[in-house]
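S.K.: Right, I'll just put the structure down here and ask away after.
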Amino acid sequence: MKQLPTLGIIGGNGWLGSALGRSVLTHGLVAPDQLVVTTSRSGHHYQAWPEVTCVDSADALVELADVVIVSVRPEQFDTLSLSLEMRLVISLMAKVPISTLARATGSERIVRAMPNAAAAVGHSYTPWYATPEVASDERGWVHRLLSTCGPSDEVKEEAQIEYLTALTGSGPAFPALLADALISHAMTQGVSELVARRGVLHTLSGASQLMLEENTSPAQLVERFLDYGGTTTEGLNAMLDSGFRQAVHQGLDAAHEAARHTPY
Ligand SMILES: NC(=O)C1=CN([C@@H]2O[C@H](COP(=O)(O)OP(=O)(O)OC[C@H]3O[C@@H](n4cnc5c(N)ncnc54)[C@H](O)[C@@H]3O)[C@@H](O)[C@H]2O)C=CC1
Ligand SMILES: O=C(O)[C@@H]1CCC=N1
C-alpha cells in the first residue's frame with residue numbers, strides 16, 4: 001500500500017461515515033486533500049476542511065480513492081455498482097457479509113469494521129475483521145484509522161463481527177434506554193429534568209470509569225453491592241427479580257438475529 005493513500009468514504013456525509021471522516025482528519029491520519037466523500041441530503045460535515053473533495057456519486061469517488069470505505073445503509077448497498085478489484089475495501093455496514101462484499105466489489109482485500117454511534121465523540125469501540133488477503137502493514141493502518149474514533153480490536157472470525165454488531169455496534173442505545181428509564185423515574189419523584197439528566201449521565205459514565213480505572217469487573221461491582229446490605233442491595237434485588245437480565249439477553253438475541261439477516 002502506498003504511504004499516503006487517498007481515502008474515499010461512500011456515505012461519508014452520513015451519521016457514521018461523517019464521524020469517521022472527521023476523526024481521521026482531526027487526528028491527521030489523512031490530510032484533507034486526501035479525503036473524498038459522497039455528498040448527501042443530510043448535510044455537509046466538512047466545513048472546517050474545505051480541501052476535502054465532495055463528489056456526487058460512488059462512481060466518481062472510486063475514480064479518486066485508493067482505499068474505499070463503504071458506509072451506506074445495508075439496504076442501499078445493493079444499488080451501488082463498485083469495481084474495486086485492486087483496492088482495500090473497508091465496510092462499516094451491518095448485515096452485509098464478506099462473501100457479498102467480495103462478490104459485489106471484486107476485491108479480496110476486505111475489512112469488516114463495526115464502530116458505534118459514540119464515534120462522533122471519539123469514544124466508539126470498534127472491532128474489525130480482515131480477510132487473509134489484507135497484508136500486515138495494511139492491518140496496522142486500518143487499526144490506526146479505526147482507533148481515531150476510540151479503542152479498536154482485530155477479531156479473528158467474521159461471526160464475531162455479527163455478534164458484536166448487536167453488543168457494541170448497537171450498544172450505545174442500550175445504556176441510553178437505561179438512562180431514559182432512570183431519568184423518567186426521577187422526574188416522577190419531582191427531580192428537575194436538568195438534575196435528573198446530569199445525575200444519570202454522570203452516574204453512568206462514572207460507573208464505567210470506576211470499572212475501567214480500578215479494573216473491577218461489572219460482576220464484582222454488582223456482587224459487592226449485593227453483599228453490602230444497603231439501599232443499593234434492595235434496588236438490585238428488585239431489578240433482578242423483575243427479569244432485568246432476561247430482558248437484556250432477549251434484546252441482544254434479537255439484535256444478533258437481525259445482524260445475521262442479510263437483506264440480499
Ligand atoms: N449509525 C450507527 O450507529 C451505526 C451504523 N452502522 C452502519 O453504518 C452504515 C451507515 O449508517 P448511518 O451512517 O447510520 O446511515 P446514514 O443514513 O446516516 O448514512 C448513509 C449515507 O449513505 C449515503 N448514500 C446512500 N446511498 C448512496 C449511494 N448510492 N451513493 C453514495 N452515497 C449514498 C446517504 O446519502 C447517507 O449520507 C450502515 O450500514 C450501518 O449498518 C454501524 C454501526 C453503528
Ligand atoms: O442499528 C443498526 O442497524 C446500526 C448497525 C449497528 C448499529 N447501528
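Note: Cβ is positioned from N, Cα and C throughout, glycine not excepted.
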S.K.: Ile10, Gly11, Gly12, Asn13, Gly14, Trp15, Leu16 show up in TrEMBL as binding NADP(+); which entry in Thr39, Thr53 does that record put in the same site?
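M.R.: Looking at Thr39, Thr53, the one TrEMBL places in the NADP(+) site next to Ile10, Gly11, Gly12, Asn13, Gly14, Trp15, Leu16 is Thr39.
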S.K.: Near ligand 2, meaning Cβ under 6 Å from any of its atoms: which of the binding-site residues Ile10, Gly11, Asn13, Leu16, Thr39 fit that description?
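M.R.: Among Ile10, Gly11, Asn13, Leu16, Thr39, near ligand 2: none.
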S.K.: By the DSSP assignment reduced to helix, strand and coil, which category contains Ile10 (NADP(+) binding site)?
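M.R.: DSSP assigns Ile10 (NADP(+) binding site) to strand.
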S.K.: Any of the binding-site residues Gly11, Asn13, Thr39 with a C-beta atom under 6 A from ligand 1? Give them in order, or none.
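M.R.: Only Gly11, Asn13 meet the Cβ criterion.
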